[in-house]
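Note sheet for the following structure.
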Amino acid sequence: MVKLLSPLKWAVVFCSCSYSYAGPVQVPGLQVPASAAANQEAVKDIFLQSYNAYSQFAFGHDSLLPVSKSFVDDRNGWGATIADALGTMLLMDLTDLFDQALDFVSKVDFRESNTPSSVSLFETTIRYVGGMISAYELSGKQHQILVQQAQQLVDKMVFSWVEPNQTIPFGEIFFSNNTPIVAVNNVAEAGTLDVEWSRVTLYTGNQTYTKLSEGSVRTIANLPSPFPGLPPQLVDPTDDMFVDAFLTWGGGTDSYLEYLIKYARITNTDDNLFADSWHAAVDSSIKILQRTSTVGDHIYLADWNAGEILLEGSHLACFQGGNWIFGGKLLNNQTIVDIGLELVDACWNTYASTETGIGPETFAFIAQDGTFSQPTAQELAFYQEHGFWITTSDYIQRPEVLESNFYAWRATGDTKYLDRAASAITSFQKFLVAKETNGFAGLNDVNDFNAGLEDDTESFWFAEVLKYLYLTFDDPQNISLDNWQVFEAPPAKAVYGSGTPRSASGQFQTKTSDGLPLPVISPDPLVTIKPGPMNGQ
């Protein structure tokens, strides 16, 4: 482990705290060039090729294993791929596939798991509930059964709040007896329910779903943290106490921060807690976490652990660029937008620098101060050329880099982002196809194709990766970022937030886990990522 120390010099432009009107997210009147049509059709072909392989070898199950020509039921056996892909099918006008998928989803009994596994509130919400509600809206609200099925799931998940005054849910529950697993949760999983659950409230009138999911976010936001807006990763639902002092925009915290500003936009709530908490997280990150690599001058957000800056990044965290662009536009704060664009460039560099043109799961870098694991001679040589080195080399079909690239295109109109998306299409076609099924897999090593394919096709490959790629080349007025954010958004308010970053009152406190089991980060059947700092730091 290497630690670089230098005097703390915050040579940054701090976020403006002035009261200002929200601006449009997209460039007005933006159009795609004629070349976009061929790329969009290529994305549709990848979807069809992927889904045909799933249909042949895994239909009705959660995920295809494209190398072994089999399947895995890692999301309770309800057909996660089918539910998650519904919205993309509608966007791509795949009517026959959508009708088949709708018929399947309509007949699932979500009250019982089809496997002995517990049910993850987070994964079930984003894949099943989100997939069905999104499809309901994209279909013009034609299929009420999708709302009914989503409500069936949420009605079971509410039992993760055990005590009458409990505000943060446990993350896992057994549907067989409505009993949650008493364990530490992470703020991403506890704070990433409100967008979807409030939508179920909207279409059913049951306020319980919004009260519970929003209440969890409020509790987290109101707990004093080391820096305003940046909560530690782990929290104990039994006493609302943090269980660590690790700050990150990566897995375990990521979507809590992402949803703060998206919830403010989706609901147009007049409660400034959500927008102001997000503003505080960004402001603190600029002051505390932002670092520039000594090679390439790439802008990264480091992690922070009990006072120590960790010079590490992840594919999961690469949503941050698009999120900052979006939130910066809503707050009419060009500083945030500009840094967001630099974060997008740094994350794209992790793609452009590898043999396959696809970025790794985790990476490290060197800055003027901070701590990092000692690189090997080979890693150091890679750093000297690219401004980062790879610490976890696999690609498990994550969407974040292409998601942020999509936001950057829509917000700037710079066609370099279209070129980047086109290169990703080429890389996917060249390196991810499993000859056994003609389906699309992950990679064991993004910088060494000979290391082979990772035998899994995630449901979010259909719901996010291919959706963001498809929309990148779509007519920007079709699904405009000024009208859609996860779901259909109401007309924008004039102002989001108070203009002042929010700070929770009180003194930050944390504790040990007291033997309670800890959650994994972004669970995957093949890759288990533990909470906390990467690389054993």
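Just so you know, glycine gets a Cβ as well, placed from its N, Cα and C.
Residues or ranges marked as active site, proton donor by TrEMBL: GLU123, GLU361. Residues or ranges marked as active site in TrEMBL: ASP254, GLU400. According to TrEMBL, the feature disulfide bond maps to CYS318-CYS347. Residues annotated as signal peptide in TrEMBL: 1-22.
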Going by Cα-Cα distance, pick out whichever of the recorded positions GLU123, ASP254, CYS318, GLU361 is nearest to GLU400 (active site).
CYS318
Find, for the listed active-site residues GLU123, ASP254, GLU361, GLU400, the residue with the lowest Cβ contact count at a 10 Å cut-off, counting only other Cβ atoms.
GLU123
List every residue in the same chain as CYS347 (disulfide bond), at least 6 positions away in sequence, whose Cβ is under 8 Å from its Cβ.
GLY313, HIS315, CYS318, GLY321, GLY359, GLU400, VAL401, SER404
Neighbour tally for CYS318 (disulfide bond), based on other Cβ positions within 10 Å of its Cβ:
30
